[in-house]
Structures are given as structure tokens and as C-alpha cells.
Amino acid sequence: MAISTLYRKLNDTSISKKLYFTIGFTALLVTIELCTLWFSITTLSAVRSYVGGEGLWSKAQKDALLKLRTYAYSHDEADYAKFTELLKVPLGDKAARIELEKPSPDYALARKKLLEGKNHPDDIDGMIKLLRRFHNIYYLKKAFVAWAEAEPALQELIKIGAELHILVQNDGNGKQIDLLLTKIDLINRKLTVLEDNFSYSLGEGARWLEQMVLRIVLALSLTIGITSILIAISINRNLKKGVYAIIRGADLIRNGELKTRVQVYSKDEIGKVANAFNEMTNTLEKNIHDLRLAEDNMLKQKERAEYSEKAKQDFLINMSHEMRTPMNAILGFARYLHDSPVNKEQLECIQMMIKSGDHLLMTLNDILDFSTIETGKINFIKQAFNTTELIGSVIKSIGAEATQKQLEISAEIDHAIPKVVYGDSGRLTQILLTLASNSLKFTTHGSINITAILISDGPEEALIEFRVKDTGIGIPLEKQDRIFNIFEQATNGMKRKFGGTGIGLSIVKHLITLQRGNIWVTSAPDRGAEFRFRLPFLKQGIMGTSAPNTGVGSGKGIRVLVIEDNVINQMLVLKLLKKHGYETSVAENGKVALRKYKEEDFDIMLMDLQMPEMDGYETTENIRKMRSYKKNIPIVAMTAHTVKGDFEKCMALGMDAYISKPFHPCELYEKIQLLVVK
């Protein structure tokens, strides 16, 4: 009757309450089962502890008898002292048992006595609980009775030991001693029987406890399983009808029949789910319609964005080419005039032209690098270079302006740094030049120092730390984390006072990070700033080539074919080459270059990439396909493009070197000397 009432109430409750009831009841049974297992394990552990204690008790008793017999013959007081010491083990167990059998025992005393019985400290609490809880259980009671029966024999043993001690001290006759030893043997046999009974009874108790626990666990497991199944069947019968209706409706919706609505059979949770399903279907139908309209709109926007991105990239490429081409002529002719005989006033004007051109070029490079870093298309070129010479070129670049500001510039190079390392020397120069230019900008008096230190020298890589230190205005601590952000400067007034775009340090950080390096700054207001960064470089043994010869050398006897469509750049390259004795010839496009090369022999070609009729890529490809020795002529790419992929494409086509416009005359001479000598 009670079960039937409970069943009806369960069916009338909500699904959540059914689940709560099921989970709660199951959790309760599982908790009871776990507690039973824990209780049984701890109890069995306590039984094991008593078995171990019996072993200690028995061993101590046997050893005590052995020492007593030894004492009877050796008359050594140490043997008798050992006898009394060993008896503390069974005496301690006895005292603990007597105390625990009291109605209100002293547990601290019981623990102390069990410890004297050599029982493990971790087992003592379990032993106390077992004796207090189960001392009236038949099997355990039987074991404890055997334990108690052994104690009179133990007391008799102590008494005989005392008599023997007195006899030995008084030089008693041997017959009396032998008589006492015979009594000791009888006591030992009696104790052995009692010890066996104790162990046997404990074993029976452990097996009884194990069987009882198994029965309880089995009963609980069956209860959990049967209860869960009955509750699941009950819930399933009431939910099945409504759920199947929703499933059928969902199948129809999945097949695209968005007009489908499910029938509502009740007002419980299933009914609410059915109503929500119908509302969801209404919303889904409307949303799908709206999404299709939005998708069409997004596709159109995506096409416009892709077109805009492509236009942006094309613009950057064209801007790079169109700005670098005249910059190449401006800086090239300015440097050409700088090395020509001019008066002091003219030299100062030329130096200002070169300084302004370099500043404009750096700004242009920053803008283009910002765009390439933003799109993730930046390129790094690994080539051999000398660190000392590279830092020297950086110092030379800012030397004139530093002299004007009466600043001292110095460099310190660690002699342990390999003479030749491999990496992107152009990007390293850009990083050092940006940091040094910043120091120059923000330093009005004092000095600027560039340092290179070898941090680690592995078999394949060398880790080098570079430092750029100045005595300038410094950077406040709270601003130091922000100076590497795009368009950030230490203060708003700096941009007005010192100028700058605010992207140089951000580009520096990105260039260093992309090369597996890191950068940080140490500074304080009015105490200058020190920028440090570390970069790994490959060593000469890995790359297998040597450093380039940085000397200009003579061009006498070297025939150079200049392939360039821009008349001004033609004039510049020809003047630079003729100045050092090179023999030159000009081709305004790839077709003219191929015709001239078939008619004449040249030692090297300087190839522009973007030309009318036939560009530098196609020209190089045709030359490398020649079947004669002429296909092996060194070709140097000279281009105003700096986008990612140009260098790789040039190398893949068989070009031997790559010079980016605007270029320094020394770079041009070095490339020619290196390739022609090679």
C-alpha cells in the first residue's frame, strides 16, 4: 500500500523532482555502500594490526625466554636486563587491554601501552576502536579470552625469571637452575598454544567480517540497481509519448519542413518543451530567412574587403616602387657628389641632402614595414656579415649629425663574437639604426654607446646581446611598457618637440620578436636610456660560406651590363661604376639585354625587375635556359620593391644577389666584387 502511494506521488511530481529523488536516493545508497566499505576496510585493517601485534607479542615472549635461558648459563646481567626489556612488549599489550575493557577507559594511557607493545602508531586508533566496538563478537571475544589466558602464564614466567636471577646472583646449584628452566619450557609450550588460538580466532573473525561486508555490499548494489531501473521505467512510460512527438517533429524540421509543429499532450515539462519547440520553430523559420539575406550581404562585403585588401597591397607595392626609385637617384647622386671634389659649403649642403634623404627613407621604410608586419608578410634574408663592420656602418650613418650636436659616439664589440655570423644584416642594421637615431634625437649632450656581447656560443647558433645607451632625457618608469606600442611616445610633448611617427620602436620590437629575440629598456628621467635586445645568429660552420669582402676594389677589366628602364637610375649606376673603372653597357629592357648579351660577353648583370616589354624575372629565366656557358653569368637583382616574396622569387629563378633601392654605392661595389671574384 505504501509503495503504491509512493509510486503515484512520484508519477505526479515534475521531471526535475523525479530526477532529484532518483539521484538523491541513489546517492544515499551509494554513500551508505561507500561508508560500509570504508568501515570494513578500517576494521579489517585493525584485525590485521592485532595479528601483527600478536606476532610482536609472540616474538618478544620467545626472545625473552631465549635471553633468560642464556642468562642461566652466562650469568651475564646484560642478558637478564634484555629479558626484562623484552617483557615490556606483552606487558604493555596487557595493560592496554585491561584499560580498554573498563567502562570509561583512559585512551591516552591505552595508546601509550600499545606503543610500548611495539605496535605501529598509525594502527593504534584502529586497534582501540576494534576492541571497544567488537569485544562481544564471538570470534573476537574468543581471541581476547585466549589473550587473557596467556597473561597468568606470562606472570609465572616473570616470577621464575626473578627466582632464577636470585639463584644466579647467589651462585645457586645447577639442579635448581635446571628445574627452573624445565618450568620455563612448560610455560613456553602453554603460551604457544594460546598464541595459536589467538591467531586462529582472529582469522575466523576476519572471515566473518568479510562475509558480512560482502552481503551488505551485495544487498546495497542490488537495491541501487533495482531502484534505478524501476524509477527509469516509471519516468519513461510517462515521457515517451510526448518525447516521441517532439522527435518526429525534429526529424521533419531537420529535413527542411519548417512549417512543422508538434502536438502538445500535457502541461508538464514535456508539454512545456513541446510549446517551446513550436516557438523555436517559428523563430528558426524567421531567423533562417534573415540569415540568408545576411549571408548574401556578407558575401558582397567579403568580396569588397578582398578587393580593398588587394588594392591596398597593390598600392603599397606601387608606392614603394614609385617612391624608392626617385629616392635612389636623389641619395645616389648626393653620395656621388659627396665623394667628389667640392668646397666646404657645398659639402655641408650635400650632407644635409643625404641626412634628409636618409630620414625620409627611414620614415618610408617604417610605414612599409608597419604594413607588412600588420599583414604578416615580412621577409628575413639570411646572409653572412661581420658584426663589427655592421655596427661601424651604423655609427658612420649617424656620425655627421652626432658631430653637429657635439655628441661622442663609441662602440664596444666583444672579441668572443664569431667573426662571421648569418642572419638578416639589413634588418639588424635597421634595428640598430632606429635605436641609435632615437638616442641621437633625444640626447642633447653627452654620449651614445653601441655594445655587442656574446651571451652563448652553441655548436649551431650564437646568441648576441646588443645595447644602445645614451645620456638623453630618459623615459619615466610608468611609460616604459608603452613605448613599444604603435603610435606611442613617452609623452605627448615629445612628438611636438622631437618629431617622429611613433612606430619605430613598435617595428623594432616586432622585427626582434619574429626572429626569436626579445628587447627591453632600462631608463630614468634625465639619466638616459639603455635599450637591450638579444638575437640568435647561425654560425659559419652551419651555412658553409664565408663573409663577403667589404672592400670596394677596382673595377678595371670587369664588364657590367646595366638593365634599367629609368633613365635617371641608368645615369646614376653608370656614373658610380665608371668612377671605379668598370666597363659598362646599358639595356632599357629585357629584350634589349638578351640581344646585347648574345652579341657580347659580360662579367655580371645588374637587373631591374619591373621593366616594359620584358621584365627582369622573364629575362633571367631566358638566360638560365641558355645552353652555352653564358647561362652562368652572375645576375644581381636591383629593385624598388620590398614586399615579401621578391627575394625568394629572384633566388628561385637563379639570380645570385639582391639589392634593394635606394642602395649605398659600397653595397653595389661589394656585390660585384664578391660575385665576379667567386
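Each Cβ is built from the backbone N, Cα and C atoms, and glycine gets one as well.
Annotated features in TrEMBL:
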- 134-156: domain 'Rhodanese' (DOMAIN)
- 237-289: domain 'HAMP' (DOMAIN)
- 318-539: domain 'Histidine kinase' (DOMAIN)
- 559-676: domain 'Response regulatory' (DOMAIN)
- ASP608: 4-aspartylphosphate (MOD_RES)
- 20-41: transmembrane segment (TRANSMEM)
- 212-235: transmembrane segment (TRANSMEM)
On the 0 to 100 pLDDT scale, where does the domain 'Histidine kinase' (318-539) sit on average? 81
Reduced to three DSSP states, the domain 'Response regulatory' (559-676) has 56 helix, 24 strand, 38 coil
Which ones in the same chain are close to the residue listed as '4-aspartylphosphate', with CB under 8 Å and 6+ residues apart in sequence? ILE563, GLU564, ASP565, ASN566, ASN569, GLY616, MET638, THR639
